[in-house]
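First comes the structure, then the notes that go with it.
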Amino acid sequence: MPNRKYADGEVVMGRWPGSVLYYEVQVTSYDDASHLYTVKYKDGTELALKESDIRLQSSFKQRKSQSSSSSPSRRSRSRSRSRSPGRPAKGRRRSSSHSREHKEDKKKIIQETSLAPPKPSENNTRRYNGEPDSTERNDTSSKLLEQQKLKPDVEMERVLDQYSLRSRREEKKKEEIYAEKKIFEAIKTPEKPSSKTKELEFGGRFGTFMLMFFLPATVLYLLLMCKQDDPSLMNFPPLPALESLWETKVFGVFLLWFFFQALFYLLPIGKVVEGLPLSNGRKLQYRINGFYAFLLTAAAIGTLLYFQFELHYLYDHFVQFAVSAAAFSMALSIYLYIRSLKAPEEDLAPGGNSGYLVYDFFTGHELNPRIGSFDLKYFCELRPGLIGWVVINLAMLLAEMKIHNQSMPSLSMILVNSFQLLYVVDALWNEEAVLTTMDITHDGFGFMLAFGDLVWVPFVYSLQAFYLVGHPIAISWPVAAAITILNCIGYYIFRSANSQKNNFRRNPADPKLSYLKVIPTATGKGLLVTGWWGFVRHPNYLGDIIMALAWSLPCGFNHILPYFYVIYFICLLVHREARDEHHCKKKYGLAWERYCQRVPYRIFPYIY
């Protein structure tokens, strides 16, 4: 076990990252793996520092006492630095005549030194392979005389520095200028702290390993349950034959869909914006054309329907499509991890750089993997899965009409399709807001996001529409109106809260946001305490949960299966909320505690 220099609870001086300034801190813990000390500043900010960035308080007090003292030895050293080379070592009281003589001697030394040719350096020796002759010396002297005439100030500075002929006041001023320059350079190029992930989520290595099997199994279980006549939880579906879960044609259709969306992503339409600054200060560029891709996809689907293409093929092979998407997401995850091993340290995700293969593979090792200008994570976040969700819902609507011989879809199916279409269109219309989310700024692109974007979103979020095909529910118009009002309330909270947050993150000084009140933090950012963010700490999560409930209510109350999405969403948001709480407390310190006192409720007002 490595030795540690500072104990827990010890009060020391810690260097603030990116500067040469030291502040009083308290050691809270020590990580044996990364050899980093976790220290806490007086304002509550906690940082991980290397041992070289920490010093004892006594060393600062000792330096202060030495600089303020004026002992004879110090004074004699100061005088010796300004003494000429020919002056005797013993100092004595100088008379005025002696001072004048000394000044004249000093001038002579400067003149003689200025006219003397410099000693040949190693480079000169290597160049001429010997000492210069008398002619070369005369030429060198004449050249130096010409340079002396052209640059007297520069040569004088060199002589003063070489023979320490400056006054103590000039030396002190020069040291101050040099110190200021070093501070500026340190601020300009701050030392990057260790980016190793110390706190593991999802149960660490064992938990992430199990999730890679549990998530695909959950999707398969839900889809098989919806196929049954009695989709109750106690009626476990029979396991299908393995060969029935795979069909090469279905996998080919999925690949065609994926590359079809990639083609739309590469079209030079839509504006190009910059994302938030990365850890190295660099900003990546993103093309905002998701809504245009949605319109082009709608036109393509409309063309297929016009030529009598059977879209309910998607319903008949729904399980095979889910398996194909899961296989593709696994292959994509393997590619992402292999390429991340060659990525520079600054491109790795702060949450997926633990050094453990399974954990980093699951959470994502590289933050923003790109092939040229093609951002893989940003593309998968909104395009194949989110737009595919709408196409699946449409396929379920057409399948319901065909299976039940209906000329019009049921009111329940119309509500589910309309609510979820609004959600997707809103996400694509406000595509730029995705750039400020944790998925883009913090999480790496690994199995978690690849599976979530390509499998979980399109095949689990469409669970209500898939359920209604085999289990139709008739609802009245008043009930439909009440559910619509509930969905509108959730959407209003969700959109207005996210708009406040995104606009404030982009430009806190915007005059349109002057009505918002904030709590300042040590990081220079502010915490909103008015608007929706003064009502609960995560109002966007509250809107999400209300909308999820409105999507499930058209399915009735015969079975709990359609409400799986609501239960899952609550669990997911509670987990995210806990992660956000921990992250913000560590980042903002005392300011976050003040914010929590000001806004006590997390998601549900007066409840949680």
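Glycine is treated like the rest: Cβ placed from N, Cα and C.
Per TrEMBL, the feature domain 'Tudor' maps to 4-62.
The feature compositional bias 'Low complexity' is assigned by TrEMBL to 57-73.
The region 'Disordered' feature in TrEMBL is assigned to 57-151.
Feature annotation from TrEMBL assigns compositional bias 'Basic residues' to 74-97.
Annotation comment: TrEMBL describes 98-110 (among others) as compositional bias 'Basic and acidic residues'.
Annotation comment: TrEMBL describes 124-151 (among others) as compositional bias 'Basic and acidic residues'.
Sequence annotations record features per position, and here TrEMBL assigns transmembrane segment to 202-224 (among others).
Annotation comment: TrEMBL describes 244-267 (among others) as transmembrane segment.
Residues annotated as transmembrane segment in TrEMBL: 288-307 (among others). Away from its own ends, the transmembrane segment (288-307) comes close to residues 260-261, 264-265, 267, 269-273, 382-383, 387, 390-391, 394, 424-425, 427-429, 431-432 of its chain (Cβ-Cβ under 8 Å, at least six residues beyond either end).
Taken from TrEMBL, the feature transmembrane segment covers 319-338 (among others).
Residues 215-216, 219, 222-223, 226, 231, 258, 315, 318, 321-322, 325-326, 328-330, 332-333, 336, 364, 377, 380-381, 384-386, 388-389, 392-393, 396-397, 399-400, 403, 410, 412-413, 416-417, 420, 439, 443, 551-552, 554-555, 559, 561-562, 564-565, 568 of the same chain lie 6+ residues outside the transmembrane segment (449-469) yet bring a C-beta within less than 8 angstroms of a C-beta in it. Feature annotation from TrEMBL assigns transmembrane segment to 449-469 (among others).
According to TrEMBL, the feature transmembrane segment maps to 475-494 (among others).
Sequence-distant contacts of the transmembrane segment (515-536) (same chain, at least 6 residues past either end, Cβ-Cβ under 8 Å): 41, 43-45, 493, 496-497, 500-501, 504, 508, 542, 587-589, 591-592, 594-595, 598-599, 601-605. According to TrEMBL, the feature transmembrane segment maps to 515-536 (among others).
Look at TrEMBL and you will find 556-575 (among others) tagged as transmembrane segment.
Residues 222, 225-226, 231-233, 412, 460-461, 463-464, 467, 471, 473, 475, 538, 541, 544-545, 548-549, 603 of the same chain, all 6+ positions outside the transmembrane segment (556-575), place their C-beta atoms under 8 angstroms from a C-beta of that stretch.
DSSP assignment over the domain 'Tudor' (4-62) gives 9 helix, 27 strand, 23 coil. Mean pLDDT for the domain 'Tudor' (4-62) in this predicted model: 82.
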